[in-house]
């Protein structure tokens, strides 16, 4: 894994240095394999003058310290306007339409593997780019497949399904072959200051702020009723955009007379009436679906699964694989029938398909299929 391969010598790799442990170790491993490595730090969000929610300055400092330790150059680039136009505006539009988007997927598509790759190509003359994502690449019959990362708990293929096989072919994913614990061990052994740095969680542009506070600065909230699935009004919500299907916490519903002790879940967002519909129990019938329709399809190899294929999918990150059968309603709409009913499938999120270890691609969940 870390021995020099003569075919790598002279090949230039630009590593996306985030200031975290995964990109730090990626740069180190690629150097050990004989590549000519340089780092590139992206700034994707302009923080407020007073509150640096994304901690970009700290991350840049850590990235620079790692590059200094490894003896490699660190370049910087500002993609804030591209991020605003292609990721953030999409994020707001989806919330406004009552759906729950995944900005990380759009960031990978538009920024990390598009704007970054173009900059690395045109300005830095790269042969490859590399990221600290937990996925693997396999080259077979002239195309590059994307496989799940070895560490099943950290596998990030769900967030990368929009990549083309051409983008995968230009990308290296060194830590995808390792467990997270091994990555931290390597960083510690090499004396990299990021070895015990906490993994970033949540959405970069929100940072430590409360999600509701952040969203309300961009979209006006429209309070409305909370109703049971039987139509009884039992409370008020501050805005449908703050809630997602299957949500249990933060509903503000106390104990009600003549109701069981089972927790309440969001089972529907009625956009026409501006009503949040709730039901009791994680297996509430209104929470379950037997399948879905997805559109905005993207296949890593451009072909996609065959009509009638029995494969698996994930409708959210870290979900267990769901066995399913797929058929096509059109070139850009896939019909998915689950082997067993699934709870809290959410329009606006991504359905990502797998054939064993191979990430095939996916699409955006549009409509739920219920009996």
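Just so it is clear, glycine is given a Cβ too, placed from its N, Cα and C backbone atoms.
According to Swiss-Prot, the residue from 42, 106, 146 that belongs to the ATP site alongside 16, 17, 18, 19, 20, 21, 22, 23, 132 is 42. Put simply, of the recorded positions 16, 20, 107, 133, 349, the one whose Cα is nearest the Cα of residue 204 (active site, cysteine persulfide intermediate) is 107. The shortest Cα-Cα distance from residue 133 (site 'Interaction with tRNA') to any of the recorded positions (22, 42, 107) is found for 22. Of all the recorded positions given, namely 42, 204, the one with the smallest number of surrounding CB atoms inside 10 A is 204. Non-local contacts of residue 349 (site 'Interaction with tRNA') by the CB criterion (under 8 A, 6+ apart in sequence, same chain) comprise 100, 101, 102, 315, 316, 364, 365. The ATP site in the record is lined by 16, 17, 18, 19, 20, 21, 22, 23, 42, 132, and its two most distant CA atoms lie 16 Å apart.
In this structure the alpha carbons, written CA, of residue 18 (ATP binding site) and residue 107 (active site, nucleophile) are 14 Å apart.
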